[in-house]
Amino acid sequence: MFCAGNVYSLLKRAGTFLKSKGLSEPESDAEVLLSFVLQTKRSKLPLMRSQKLTDIQVSQYEEYILRRSKREPAAYITGLAGFMDFEFKVNKSVLIPRPETEILVETALKFAKKENKNSVLDLCTGSGCIAVSLAKLGKFKDIMASDISGSALEVAKENAQINRVLNINFVKSDVFGEISGRNFDIIVSNPPYVSHEEYDALEPELKYEPEIALTAEDIGLFFYKRIAGEAGRYLKDNGFILIELNAYKAGEIKQIFSTGDYENIEIIKDYAGLPRILKAENRC
Ligand SMILES: C[S@@+](CC[C@H](N)C(=O)[O-])C[C@H]1O[C@@H](n2cnc3c(N)ncnc32)[C@H](O)[C@@H]1O
């Protein structure tokens, strides 16, 4: 596909090729994948415009660009995703961390600091991006992270090691199934919330991600109902839950949490102005 060339000419050819395949950010993809091949920061590429690639590097780049043209997410090709300024390993067992989930972490850190909270449970931890970021940036003494997927938990444990976090207790659990006898100051969760209808209409990139991480029965509300029904038992008296929202169902989800087990329910918006996080305090 590409013949030998320098950084500038390869970026140009890759960008044009990805554009012809209908990708929305072809130049960005071309740069991310080339910086991965060259094991350098993307910001350094402009300084390397005339550097020639070896034949091995060119064929590696070709392979990555072909995979991306088939809509495989760049994060699965590089095996890496950035979140809260940390680097996380990702593979097809885990959802790629999303920028909007950073608001969940920032909100948890803000309230934990203000109210001196010590313990946190990250339900549906996936890559561990939330739990590991909380461990790095907060002062929690007790952090538990759970997921039903054993292969996701393996990735989460590796991410704790990569980021030099030693104090997370990882548990394989179907929602609260194996969390018995514990209660926490804060429960955070980004559960699966895409309905099967919404899933069918998603971009091809999302079909590479584990369906178990995305879809939920009951028009996407299954986990909100299950978590709202049980979380109160796992929260301390002054504890609260922060849960990421399907922005298009915020009203229904608020209704689900307005059952009597919770009080002071508030919705926090993301940077696009969409309702993104629900905070609900345990009613003691
Ligand atoms: C939307 S992903 C969130 C991953 C990660 N916390 C993040 O924000 O990037 C949802 C996670 O829920 C897990 N999950 C699905 N069903 C579950 C269940 N019944 N109990 C616990 N975890 C479940 C999936 O394996 C997946 O890792």
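Using the three backbone atoms N, Cα and C, a Cβ is placed for every residue, glycine included.
On a predicted model such as this, the values are computed, not experimentally measured, just so you know.
For 10-79, the entry in TrEMBL reads domain 'Release factor glutamine methyltransferase N-terminal'. Across the range of the domain 'Release factor glutamine methyltransferase N-terminal' (10-79), the DSSP-based residue counts are 50 helix, 1 strand, 19 coil.
What TrEMBL lists as domain 'Methyltransferase small' is 112-198.
Sequence annotations record features per position, and here TrEMBL assigns S-adenosyl-L-methionine binding site to Asp147, Asn190. Note: Asp147 (S-adenosyl-L-methionine binding site) has non-local neighbours Cys124, Thr125, Gly126, Leu153, Ala156, Lys172, Ser173, i.e. same-chain residues 6+ apart with C-beta under 8 A of its own C-beta.
According to DSSP, Asn190 (S-adenosyl-L-methionine binding site) is assigned to coil rather than to any helix or strand. What TrEMBL records for Asn190, Pro191, Pro192, Tyr193 is substrate binding site.
Counting residues of the domain 'Methyltransferase small' (112-198) by DSSP class, helix then strand then coil, yields 29 helix, 23 strand, 35 coil.
For Asn190 (S-adenosyl-L-methionine binding site), the same-chain residues that are 6 or more apart in sequence and have a Cβ closer than 8 Å to its Cβ are Thr101, Leu104, Cys124, Gly126, Ile130, Ile243, Glu244. Only Asp147, Asn190, Pro192 of the binding-site residues listed as Asp147, Asn190, Pro192, Tyr193 bring a Cβ under 6 Å of any atom of ligand 1; the order follows the sequence.
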